[in-house]
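> Sharing the features that TrEMBL gives for it:
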- 5-324: domain 'FAD/NAD(P)-binding' (DOMAIN)
- 42-47: disulfide bond (DISULFID)
- 51, 114, 312: FAD binding site (BINDING)
- 181, 182, 183, 184, 185, 186, 187, 188, 267: NAD(+) binding site (BINDING)
- 360-466: domain 'Pyridine nucleotide-disulphide oxidoreductase dimerisation' (DOMAIN)
């Protein structure tokens, strides 16, 4: 006997939870299949615990930058306290609260490995080996996320390396840590672990860190990492890995290096290997290509829209908040199609994830923080926009130098000269994370620069940087005739 639901969701991370919640609120019956913890990677091994690990060091350094407060700082980070707070933030690695939320929302949970067994059919293999067959009246949504991408380095599989999961859940801080990678995870974990007194070495294959962001962002984060004591090496190719006693040894093109632990921060791969995609004619282990309604068009035959994918599994924007955004859109469109409601695919409507293309916000919680949204200068020009770039030193804003003695930072806006709207913005500096939403609103709303002059920032706050950027761009003047 099979159990029948309107919608079956594979993966109970934030994206999957949102799909099910929105669809259920619209009247659909929903089941969620999860093989690990309800709440997903973000809640237990990524966003939440990593920021908990970073916060104490950031708060300590912020106090050290203010005369009158720095004199009270007499010790470094208390690692025991940091780990205790992290455990609190992650509910000790248990998902009881999230499970209760699903139950309260009226969504059924099936624990186990969910695999597609043909169209609209999912088999769930529980931990005890028993199986349950679920059938979907209308749709199945894949929200299985990603896993660490493992580079093909000889010997790597035998050394007992860390991924983000071990780095964010460890109960013991190693004396030394090698990090492979130069992206967000690498930079954040280097910042956290060096604040714990760990000797950190970053090995970067390329020539810079945070290479997908504006150049000045990576340059300022690199400067900070070096000042904190992180050993950053560029142009490194690892040829072999081995374990020698208590140490991991990496043999590289720049010589051999060793540390107590090795963290792989080498990117992500879609977690679509073991979910039964070949049963519907799709390749295993690939990102699921979707349209703006999050529909997997390759699985759609004769107009039967039934397979969707949201979150990291579709590869559009590998960020928790974007997965949740996609989940809300997909939950709405699945319900609409199931109920026979007309679905508009016009940009910025309730059934589409338009923001994925050019309005994705992101914060890197290094010290300084990096907050960015929209297109970089390079991306904007590649897309054919005629742009003007405006930069302004954040340390010159009254709110910034009141916040921190010797504040250093940088702000940039990328302007579409033809439409006179923002295409992108990047801010680097202490506590800039909360500033980026203003730019996100301006980009999504396509607010003209002439109207932004009327968005008055409070004095003295760091938000005054938006006024300074506009002044640097130049206010339309009145010319005598």
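Just so you know, glycine gets a Cβ as well, placed from its N, Cα and C.
Values in this document were obtained by computation on a predicted structure and should not be read as measured data.
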> Taking 10 A as the limit, how many CB atoms besides its own sit near the CB of residue 47 (disulfide bond)?
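If we count other Cβ atoms within 10 Å of residue 47 (disulfide bond), we arrive at 18.
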> Quick one: pull the CA-CA distance for residue 312 (FAD binding site) versus residue 42 (disulfide bond), whole Å only.
11
> Per DSSP, how many helix, strand and coil residues does the domain 'Pyridine nucleotide-disulphide oxidoreductase dimerisation' (360-466) have?
36 helix, 34 strand, 37 coil
> Please identify, among the recorded positions 42, 51, 114, the one with the smallest Cα-Cα distance to residue 267 (NAD(+) binding site).
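If we rank 42, 51, 114 by Cα distance to residue 267 (NAD(+) binding site), first place goes to 42.
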> Which residue, out of the binding-site residues 114, 181, 183, 267, shows the minimum number of other Cβ atoms inside 10 Å of its Cβ in this structure?
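Output over binding-site residues 114, 181, 183, 267: least Cβ neighbours within 10 Å is 267.
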> Report, as a single number, how many Cβ atoms besides its own are within 10 Å of the Cβ of residue 187 (NAD(+) binding site).
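Taking all protein chains shown, residue 187 (NAD(+) binding site) has 29 Cβ neighbours within 10 Å.
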> Compute the C-alpha separation of residue 187 (NAD(+) binding site) from residue 42 (disulfide bond), stating it in Å without decimals.
17
> Among the binding-site residues listed here (114, 183, 185), which has the Cα closest to the Cα of residue 47 (disulfide bond)?
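Among 114, 183, 185, 185.
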> Out of 42, 181, 183, 185, point to the one nearest residue 114 (FAD binding site) in space (Cα versus Cα); all of them are recorded positions in the record.
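Considering only the listed recorded positions, the nearest one is 42.
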> Quick one: which residues besides 181, 182, 183, 184, 185, 186, 187, 188, 267 have a Cβ within 8 Å of the NAD(+) site's Cβ centroid, in sequence order?
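Nearby residues not in the site list: 179, 189, 209, 210, 265.
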> Do any residues at least six apart in sequence from residue 51 (FAD binding site), in the same chain, have a Cβ closer than 8 Å to its Cβ, and if so which, in order?
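Listed in sequence order, they are 365.
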> Can you tell me the CA-to-CA distance separating residue 185 (NAD(+) binding site) and residue 42 (disulfide bond), as a whole number of Å?
13
> Tell me the Cβ neighbour count for residue 312 (FAD binding site), meaning other Cβ atoms within 10 Å of its Cβ, over all protein chains shown.
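Summing over all protein chains shown, residue 312 (FAD binding site) has 30 other Cβ atoms within 10 Å.
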> Express the distance between the Cα positions of residue 181 (NAD(+) binding site) and residue 42 (disulfide bond) as a whole number of Å.
20
> 10 Å Cβ neighbour count around residue 42 (disulfide bond)?
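There are 22 such Cβ atoms around residue 42 (disulfide bond).
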